[in-house]
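Marked as domain 'Major facilitator superfamily (MFS) profile' by TrEMBL: 15-496. Here TrEMBL flags 12-37, 49-68, 80-99, 105-126, 138-160, 166-189, 201-219, 269-289, 334-353, 359-381, 401-420, 473-491 (among others) as transmembrane segment.
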Amino acid sequence: MTKSKKPKQTRRPLVLAILVISMFMAAIEGTIVATAMPSIVGDLGGFSFYSWVFSSFLLMQAVTTLIYGKLSDLFGRKPIFIIGVIIFLIGSILCGLATTMSMLIIFRLIQGIGAGAIHPMVTTMVGDMYSIKERAKVQGYLASVWGISSVLGPLAGGFIVQYVDWAWIFWMNVPLGIIGIIGVILFFHEDVTKEKKSIDYLGSSLSFIAISAIIVVLVQGGSGWPWTSIEVILLLLVFIISSILFVWQEKRAVAPMMPLFLWKNKLITVANLATLTSGMIIIGISTFLPTYVQAVMGYSAIIAGFTLSTMSIGWPIAATTAGHLVLKIGFRPTAILGGLALLAGGILFMFLGPDKGPIYAGFSSFIVGVGMGLSSTTFIVSIQNSVGWKERGVATSLNMFMRIIGSALGAAVLGGVLNAQMKDKLATTTVALSEDIDISNTDALLDETTRNQLSSEAIEALQFALTDSLHNVYIGLFFIALITFGLTLFFPKETK
């Protein structure tokens, strides 16, 4: 009589540590690259393509996140995680070798393809390894990685650029990624049902086209292209047509890439919509708060960075707290508390003025971080708890995707509000008209050399226009926060 082979057990503490390292590798990439960009542009040139170094990464991350989620439900988390990290490392190595801005953008696309797997796979693997009681706490700890990376990223980027070479902001990923790959191969084990796999190639292709089209519109619209340009109109048509075809395909597919029944789950729908709107809030604060502190309040870049870093402190603290709260008071009350904190932060920002000072701005940012920590952890844990293993990958990835879309949408909408308000206010200012000043001169408020080339009256006119325009942006943020809070009130009282 032969003994059955005992299945290998996942070494949870080791795997969790490895996943945290992998998450940190992907999370720090955004902040560390932002810090190094002035040096990169100085070396490679191509300032006009500056924004696409970030947008190309975001684009590929967005279009691949859902695909990876579905593939992980079919073939398991381990192979998808490993493939994602390998692609990310290839992109990282190539980015460090780039000699032109065009090459860097192409290599960032490759990096983004890999990054699209890392965040959702790490979050899904944690959901697989831990029970609901453990999952809430562990996801809270995992969320703290983003806060830590937000603080360490700028410091590490500045150090590497000053004392080593900007290429190492990309090459530093290699040892971290190798640790992640080897660790998951050795210590993470899963049982994947051996059955015939049906891949929804058409659905994947249509989602790729639709997401690519809308991301490019949101990135380029209002800045690179006018909103009424032929490029924007054509891409919107591509988005609408491919989205309609995608829904049609998902209804008939044997194994749809994104099962539409997920949207019939009230919890998932509410959590995803609130994730989208909270993504808009985060990008609005991250993008415009440093500008407000520097250009309107007149403080240094270091002080501006401090006001933003407080959000990165509040987020992980609240995320860890949320892990305990959902076990004591439940998902719905914790989500509502998160929405309430976001609303409180929105109110504080709406009353932000030049005389309030950086302490007020930093406190407001901290409160928003608390709201994000409470809500985001609650959303992801409740979603994972409401679906089975076969849907957990795509359900988790869908939530990640909604935040990416929220960020892109927020940047486009709030950036559009700022630009429109600046143009209107400068068009009616006597000094601006007499000295031929327009929105392009706003850079002078952030650069002392350029600032000295303008008259004091012109600087005052620009500051007045920017102050009023950013105030309107923060009013917009308040209403988005109000919508987010309203959505949390619809969160179901009971979850599966």
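For all residues, glycine too, the Cβ spot is worked out from N, Cα and C.
Within the same chain, the transmembrane segment (138-160) packs against the transmembrane segment (12-37): three or more Cβ pairs sit under 8 Å, each pair at least 6 residues apart. By the Cβ criterion (under 8 Å, sequence separation of 6 or more), the transmembrane segment (80-99) is not in contact with the transmembrane segment (359-381), since fewer than 3 such pairs are found.
In terms of C-beta pairs under 8 Å, the stretch of 49-68, 105-126, 166-189, 473-491 lying closest in packing to the transmembrane segment (12-37) is 166-189.
Between the transmembrane segment (334-353) and the transmembrane segment (166-189) there are fewer than 3 Cβ pairs closer than 8 Å, counting only pairs 6 or more residues apart in sequence, which means the two stretches are not in contact. Between the transmembrane segment (473-491) and the transmembrane segment (49-68), fewer than three CB pairs separated by 6 or more residues in sequence fall under 8 Å, so the two stretches do not touch. When each of 49-68, 105-126, 359-381, 401-420 is scored by its Cβ pairs under 8 Å to the transmembrane segment (269-289), the top-ranked stretch turns out to be 401-420. Taking Cβ pairs closer than 8 Å, the transmembrane segment (401-420) reaches residues 58, 61-62, 65-66, 214-215, 217-219, 221-223, 227, 272-273, 275-284, 287-288, 376, 439, 469-470, 472-473, 476-477, 480 in its own chain, all 6 or more past its ends.
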